[in-house]
Amino acid sequence: MLWAGRMGLGTFGILLVLVHASAACEFGPFPYRATGIVCRMTKPAALLLNQETAQVIQAAFRNAKFPNITGERSMRLLGKVAYGLSNIQVNDLSIEKSEVELRENDAIHIDIKNVTACFKGTLTYGYAGAWFLRLFHSVDFEIESSIDLQINIKLMCQKDQVAADASDCYLSFHKLTLHLQGDKEPGWLKQLFTDFISFTLKLVLKSEVCKEINFLSQMLANFVHDLAANFVQDEDIKLDISLASAPLIKANYLESHHKGLVLYKNYSDIFSDSIFSPSLLTESRMLYFWISEHILNSLASAAFLDKRLALSIRGEDLQVLFEMEDMEVQRQVVQMIFQGISYNDSVARVWSLAHPQISLQPEGTVVKSLVAVEVSIFPAGEEPLSVLYMEKEITVTIQAAYAEKKLILHPLASRTEFKVFKCRADPSGDDPSIRNFLQKMISVVGIPEVTSRIELALTSLMNSKGLNLFEIRNPEIITRKGYVIVQLDFSFPNHLLLDFLEKKL
């Protein structure tokens, strides 16, 4: 199974949901601190996602609500000079580069170099002096600016969810040049206003831009958390992805531990141990997910309780199962079972009689389940007639992969043990040909057919959550004793961030 996420301020949106700080959270006593899911994002992923920072910074400048700026100053000979800047808007914003640094056990530091922007608006001024009447004038102005931003994002945990504090935000001005009425040449009016307007403007820009960045960071954090929570929920079955313990912030990666408890109606999931060790994950890929065997077992139990582990096979699909080989012996057995009734008038139901048991091993995912199969025919004008019923314990090893935006499940070795066998064509059960045929049919065709249907259903479910919108590269699903590791690289789908910003702002 695959989970994936996003990143904010370009860089820190996804970091906010994948890594939560523990400052404002109290983690429950053991065993509630057991870890079911671990996520590790490495520095290459942070560097890649930092490329999206420009989009967020532009949104912060564009959506900042700049108030009217007013001031007054006493000037020699001129008396008191009052001024006001109004209708301030931002145009022609660009960013030279952005850098991200993971400061160990501290914060995510983003350094944004040379943000150039042109502010436009209206300057109104008035003055009165011994030799002048009181006069008021309005002129259009442009302010050319070049700014560096430094943002330290503190991560806090509130109610087991992330909260981002980006108030540690600094603006350094390399250039702030005032032009009046499009005049690029210095004049007395420009010289009069530039110094004391610039000082006031710097304070307002810092306050409003940093306020907007802080707002966007929290909005992105909430969005990504909701996205992740929705991804691991389907109707009444969901995973608790709240934090199990404090996160780790290293120079080369971020790592967060999540409970991963399955929540389903009155079903209570609990476990008291975790076999995770940091050494199980490397730093060569962008994104890692470590998933406990316990989670897969709990999900299977919830699916069983929700009556999802059942399917019906009829018509042509059923014909394929029972005609796996073109042999006379097989045809005779099939005729005996169906008593001459067409496949189109028959149906096979398969369902799980108990909670499947899942064991993760180096060779793959081992699924052990007690399964019932019933084949019924529908003679014309008569009540449905059960011609075959059997209960069998099936153990199958499955290897999983993800390619071309599809989950691929490949069944390997399987073992079937009949527990109950009832066949209308052989009430005594003395005919070995029927049982031998069914044994072969189950292993050669039946198990791959059921696996294929599960494969399609899970792919459809993940795509409905938006996984197919992400460009996942070279994903690997590696099973080990007691856990599975999903590791991958990815490309960020730029349009998703743009769409989100357009909808929310």
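Cβ from N, Cα, C; glycine included.
Quick look at what TrEMBL annotates:
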SIGNAL    1-24  signal peptide
DOMAIN    40-267  domain 'Lipid-binding serum glycoprotein N-terminal'
DISULFID  Cys169-Cys210  disulfide bond
DOMAIN    281-488  domain 'Lipid-binding serum glycoprotein C-terminal'
Would you report the average pLDDT that the model assigns to the domain 'Lipid-binding serum glycoprotein N-terminal' (40-267)?
78
Near Cys210 (disulfide bond), which residues of its own chain have a C-beta under 8 A away, given they sit six or more steps off in sequence?
Ala166, Ser167, Cys169, Leu171
Relative to the Cβ position of Cys169 (disulfide bond), how many further Cβ atoms are located within 10 Å?
22
